[in-house]
Amino acid sequence: MTDFQFSKVEDAIEAIRQGKIILVTDDEDRENEGDFICAAEFATPENINFMATYGKGLICTPISTEIAKKLNFHPMVAVNQDNHETAFTVSVDHIDTGTGISAFERSITAMKIVDDNAKATDFRRPGHMFPLIAKDGGVLVRNGHTEATVDLARLAGLKHAGLCCEIMADDGTMMTMPDLQKFAVEHNMPFITIQQLQEYRRKHDSLVKQISVVKMPTKYGEFMAHSFVEVISGKEHVALVKGDLTDGEQVLARIHSECLTGDAFGSQRCDCGQQFAAAMTQIEQEGRGVILYLRQEGRGIGLINKLRAYELQDKGMDTVEANVALGFKEDEREYYIGAQMFQQLGVKSIRLLTNNPAKIEGLKEQGLNIVAREPIIVEPNKNDIDYLKVKQIKMGHMFNF
């Protein structure tokens, strides 16, 4: 179905809020499966029967960590060997059920799981409903249907639990594209991807909070250092602010990814330290601006992996080839945290100091208004010239040498 368009996440959330079933698919390089999803508060016999009839997979009940703790739903096994670490608990039936297997009795069990008065002793173990514990942080931590189910219920303003069921084709294999698309159209069912849900959360959830603000005299001039912490990961970042940002318009700004070797050691294997110095100098001269110092060492792969990549580069690989050889993308960085930091600082539009087109696109995707790109001009040296040429040729960086 070449003309097929996925639903808007907002429409999927509204359908969940109304008690409807939606269809959600994950990445092609993961399970590459579609699941039916609905909220546990609407685990009606009709919804369960639909899942059993058309999905034919295992009907599970994704729940938050809080619900699992409240009801003493413990992991099914001590050592999880599932390919995707799906967090099954011991299966359960509510004590008011008989065999527990009918759509009506599975409905009772699922709805009792989200009953405010429910307690651990209300459930028999084992049973016919299979709770799955979602990771804290949801699809931003694990891109699974378990997390998607709980995230969608939360975004719909409902209890943090739901139902999910894999969809099999008539021949018993897992239904994939384009058959999933055809099914969604035939049943007028909202259909989204987990990637869409991730992007929605990055744009709409508050994922970073400001902790402190202090004066920061530097060799470039006096700045104000604003500390931030990511809500999910606890990762810490800093914004160095110069001048008055009250109107928030056309602020000279840079996102600088942490580079211990370049920023602190003065390494000549990269131009990071030079770029940081140039940006600080330009903002000081301007009298107004922001540098976000993000903890994204080694284009997001971390310090040790960056040094491992250097080892591979010493053996003949370039910076892109080395990252890929270690199992990473050429650039693992994302900029939604930076965009939220700018927003919390009151920045509305920026003149971005960068040579990297991915930063421009990453910030634009988060709704930040970039009115101009200001180049960072540094002189290459004999140790980083090949590295810079690779970034120019393979990653599209905009250099003038």
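Positions of Cβ are set from backbone N, Cα and C atoms, glycine also.
Annotation for D331 (active site, proton acceptor): spatial neighbours R299, G300, N323, A358, M395, criterion Cβ-Cβ under 8 Å with sequence separation of six or more. Taken from Swiss-Prot, the feature active site, proton acceptor applies to D331.
Classification of R333 (active site, nucleophile) by DSSP places it in coil, neither helical nor stranded. Cβ environment of R333 (active site, nucleophile): S257, L294, Q296, R299, G300, A358, G362 lie under 8 Å away, each six or more residues apart in the same chain. If you look up Swiss-Prot, you'll see R333 marked as active site, nucleophile.
The D-ribulose 5-phosphate binding site annotation in Swiss-Prot covers R30, E31, D35, R142, N143, G144, H145, T146, E166 and rests on sequence analysis. Mapped onto three states, the DSSP output places H145 (D-ribulose 5-phosphate binding site) in helix.
For E31, the entry in Swiss-Prot reads Mg(2+) 1 binding site, with the evidence type sequence analysis.
Counting every protein chain shown, the Cβ of H145 (D-ribulose 5-phosphate binding site) has 30 other Cβ atoms within 10 Å. Residues or ranges marked as Mg(2+) 2 binding site in Swiss-Prot (evidence: sequence analysis): E31, H145.
For R254, I255, H256, S257, E258, Q275, E297, G298, R299, T319, T354, K359, the entry in Swiss-Prot reads GTP binding site. DSSP classifies T354 (GTP binding site) as coil under the three-state reduction. In sequence order, R254, I255, I360, R373, E374, P375, I376 make up the list of same-chain residues 6 or more apart from T354 (GTP binding site) whose Cβ falls under 8 Å from its Cβ.
Residues or ranges marked as Zn(2+) binding site in Swiss-Prot: C259, C270, C272. There are 21 other Cβ atoms within 10 Å of the Cβ belonging to C270 (Zn(2+) binding site).
Sequence annotations record features per position, and here Swiss-Prot assigns region 'DHBP synthase' to 1-203. The average per-residue pLDDT of the prediction over the region 'DHBP synthase' (1-203) is 95, rounded to a whole number.
Residues or ranges marked as region 'GTP cyclohydrolase II' by Swiss-Prot: 204-401.
Listed in sequence order, S91, D93, T99, G100, I101, E105, R106, T109 are the same-chain residues at least 6 apart in sequence whose CB falls under 8 Å from the CB of H128 (site 'Essential for DHBP synthase activity'). The site 'Essential for DHBP synthase activity' annotation in Swiss-Prot covers H128 (among others), and the record cites sequence analysis as its basis.
E166 (D-ribulose 5-phosphate binding site) falls within a strand segment according to DSSP. Same-chain residues at least 6 positions away in sequence with a Cβ under 8 Å from that of E166 (D-ribulose 5-phosphate binding site) are, in sequence order, E33, G34, D35, G55, K56, G57, L58, M174. Annotated site 'Essential for DHBP synthase activity' per Swiss-Prot: E166 (among others), in sequence order, evidence recorded as sequence analysis.
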Number of Cβ atoms other than its own within 10 Å, given for R254 (GTP binding site): 26
Distance check against H256 (GTP binding site) for the binding-site residues N143, H145, C270, C272, keeping those with Cα within 10 Å: C272
Nearest-integer angstrom distance between the alpha carbons (Cα) of C259 (Zn(2+) binding site) and E297 (GTP binding site): 5
Non-site residues, in chain order, whose CB comes within 8 A of the mean position of the CB atoms of C259, C270, C272 at Zn(2+): S257, T261, G262, D263, S267, R269, D271, G273, Q275
Spatial separation of C272 (Zn(2+) binding site) from E258 (GTP binding site) - C-alpha basis, Å: 8
Binding-site residues listed as C259, C272, least Cβ neighbours within 10 Å: C272
Least surrounded among the binding-site residues, given as D35, E258, when other CB atoms within 10 Å are counted: E258
